[in-house]
């Protein structure tokens with residue numbers, strides 16, 4: 001029995017030595033960036049805090065430098081940390097790293113749409129979507145009008161609270177939801193509409209679940225875990241329900257399509273599909289259009305909604321900042337006129353606060369995973385084709401040289417000594433390069449106009465002492481999720 005135990009131990013040790021030898025051989029032959037030694041099957045999982053992987057990446061960067069390799073399970077991942085490495089990757093090597101690393105929870109969207117697509121249709125779908133969105137006013141006067149009109153509905157909903165405590169999640173969320181719905185479907189929803197609330201709850205739940213430790217594990221071990229119970233099943237179910245809804249809307253549009261008079265984003269894609277239908281490899285199908293619309297709907301709603309919700313919580317914590325914003329709004333806009341984009345140049349403090357909210361909350365700290373499209377030499381290392389590459393946006397947004405005291409909320413990070421707005425090239429919450437967020441212009445406009453409109457008409461009132469408000473996120477993974485809270489909005493006299 002003792003001999004058997006010794007034999008098993010020796011065999012186990014030999015397997016480990018063999019693994020080390022093979023790992024070193026692969027590592028040296030490719031000249032990969034340095035990194036911690038991975039264990040069989042689990043890789044470097046034990047060296048990462050699943051409750052805050054971005055922070056773990058920061059610690060590893062201190063040890064191995066701004067470009068390092070980790071293994072998430074069997075997946076080789078190259079992490080880029082700091083302004084120089086991230087900027088070089090996103091802008092100077094944007095083609096080589098334009099692939100999308102797989103996110104198993106969104107496998108149903110694989111090679112479709114524009115966010116999670118890593119297939120041959122991605123470039124053309126993205127290019128045409130951007131052109132179509134510009135035609136419907138993305139970042140221009142058309143969307144300013146849409147946001148201003150929707151802001152009126154938001155202000156009315158806030159008045160209905162009559163100064164009583166309420167959870168802002170869906171009240172605030174319905175505004176960007178309706179703005180993007182108008183672009184996609186030429187439709188808007190009442191703030192109490194059951195279908196709208198259902199879709200927003202799916203968006204909100206998925207953003208939360210994707211940021212939990214279990215989903216970090218699942219996305220790296222999906223081959224082992226896909227048939228096991230867990231919250232990943234809920235995410236996948238939610239994704240399917242969202243796609244079923246957008247597919248139904250696409251089919252409705254298809255039945256009533258008039259190619260001479262496109263009504264919205266869906267119609268424009270359907271017209272292109274009709275032009276392409278005789279191709280042996282059609283770029284557009286009803287399924288691909290539905291996923292593209294689902295991508296836009298989720299991203300266009302949840303990111304702006306969460307940023308606004310987090311921003312209001314920050315202002316509850318800092319009433320002195322809210323007071324300065326009221327003064328600037330009163331001076332530039334006055335009590336009755338709706339805020340406009342042209343006001344931004346005269347409102348440097350509001351502009352700085354909006355930027356600082358995005359920097360401080362660091363909504364998607366590790367970006368979405370990229371993938372090397374070919375063998376690439378980067379800062380003296382070789383990154384093989386198919387390698388997942390993560391450019392950490394938090395390493396820019398929390399850079400201590402660019403933003404002194406980055407852990408503190410300070411609008412002064414974006415103001416010069418004269419009190420004028422100061423842009424920072426480190427400000428990349430929407431990423432950059434080939435995979436930059438297609439809705440950046442819309443989101444920036446929404447944040448400025450909606451926050452200005454809310455503060456033009458209301459004072460924010462917390463339910464607890466501002467010093468007791470905790471701004472820490474409740475979980476971080478795919479994104480940073482703010483704590484749930486209630487507040488009161490008091491009409492300004």
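Using N, Cα and C of the backbone, Cβ positions are placed for all residues, glycine too.
Positions annotated as substrate binding site by Swiss-Prot, on the basis of similarity to another entry: 298, 299, 300, 301, 302, 303. Annotation comment: Swiss-Prot describes 437 as heme binding site.
In this structure the alpha carbons, written CA, of residue 298 (substrate binding site) and residue 437 (heme binding site) are 12 Å apart.
With respect to their backbone Cα atoms, residue 302 (substrate binding site) and residue 437 (heme binding site) stand 13 Å from each other. Counting every protein chain shown, 22 other Cβ atoms lie within 10 Å of the Cβ of residue 302 (substrate binding site).
Shown in sequence order, 176, 180, 203, 296, 297, 304, 305, 439 are the same-chain residues outside 298, 299, 300, 301, 302, 303 whose Cβ sits within 8 Å of the Cβ centre of the substrate site.
The Cβ of residue 303 (substrate binding site) lies under 8 Å from the Cβ of 363, 364, 437, 443, each of these being in the same chain and 6 or more residues away along the sequence. If you take the C-beta of residue 300 (substrate binding site) and look for same-chain residues 6 or more apart in sequence within under 8 angstroms, you find 176, 179, 180, 183, 439, 442, 443. Listed in sequence order, 173, 176, 177, 180, 199, 200, 203 are the same-chain residues at least 6 apart in sequence whose CB falls under 8 Å from the CB of residue 301 (substrate binding site). Shown in sequence order, 115, 437, 439 are the residues of the chain, 6+ apart in sequence, with a C-beta less than 8 angstroms from the C-beta of residue 299 (substrate binding site).
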